[in-house]
Amino acid sequence: MKTKYRIAVLPGDGIGPEVMREAYKILNILKNYFSLPIETREFNVGGAAIDQDGVALPKTTLLGCENSDAILFGSXXXXXXXXXXXXXXXXXXXLLPLRKHFNLFGNLRPAQLYSELIHLSPLRSDIINNGFNILCIRELTGGIYFGKPAGRLKKNNIEYAFDTEIYYNYEINRIAHLAFQLAKTRNYKVCSIDKSNVLNSSILWREIVQKVSKNYPDVHLSHLYIDNATMQIIKNPNQFDILLCSNLFGDIISDECAMITGSIGMLPSASLNEKKFGLYEPAGGSAPDIEGKNIANPIAQILSVSMLVRYSMNLKTIADKIDQSVISVLKKGYRTADISNNSHYLKTNEMGDVIASALISGE
């Protein structure tokens, strides 16, 4: 164990500060009850930073993140920023530079449907049975979103636009290794998603993933075309454990997996580099419509802490305890408004309190 874990806390906009307060409760328990040497420092980001510093990602925030072992992020892009254009740019001008600066190439999006919340899924109960637990691993810094050339032109009065899907072998290699390494901590299954019957980039993707798999003979590898994969997830999500995807395909399929859980407010995410430095955040947005009402679900932010403990601190046992605390309160029937099927639900701070109590008591 390290002598000190430095965490940069970036609450951000919208419901970010509200749910981050509940994450602090968990961090304080880790310090005071589990004796973890955690040090937190808070920094501005997003619309809040634009209001105060004129930019979405101030230099002091970036420096604070550089001097940390991990970043715990709330949300960005609140309507409070000066203009609608600035609000739309807040997420792009904060998260994207952070991902680029720290080379956060691996995006982890868990999509777990708890047996206690099966009624929330849009899928039939006979399809989802007792829930599912999928981890989408998306390559985050390559592919068609960053490929050059890209643009929009006009020739002979005909307008056209173009993008370039490009992948280098090292980009595929490192995301594949990450997927197989994580498979060994789960159920030893990886399903790689591509379109290798059409795309050259996908042919290379499949070749390299297949080659990397030889280093992990105990992990079962399968391949699916993206169109078939989207159908299979709806037909039988429980057949999957880890889905390995390119940037574009992962963007689409991770949202599909999130939607079939029926509760985006429950889902955390992580973006990692090769040294397991990570940015951890809820998968949902800043939800400005419920900002300040104390009704946001803090579970995604709390589970983001769990992912931070699991991947950047490498403390699986303690991460499991945080996850179990969430399951415990769900089994007892505690709900926030977004996952409640009646008018009786806990406020944001109340849900944070019951999860914190469950973590302390070991329930």
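Cβ coordinates come from backbone N, Cα and C, glycine included.
Arg138 is the only one of Arg138, Arg152, Arg186 that Swiss-Prot places in the substrate site (with Arg99, Arg109, Asp227). On its own chain, Asp227 (substrate binding site) has Lys195 as residues at least 6 apart in sequence with a Cβ closer than 8 Å to its own Cβ. The subset of recorded positions (Arg99, Arg109, Tyr145, Ala287, Ile295) lying with their Cα within 10 Å of the Cα of Asp255 (Mg(2+) binding site) consists of Arg109, given in sequence order. Nearest Cα neighbour of Arg138 (substrate binding site) among the listed recorded positions (Tyr145, Asp251, Ile295): Asp251. Neighbour counts of Cβ atoms within 10 Å were compared across the binding-site residues Asp251, Asp255, Glu291; the minimum falls on Asp255. A distance of 13 Å separates the Cα atom of Arg99 (substrate binding site) from that of Tyr145 (site 'Important for catalysis').
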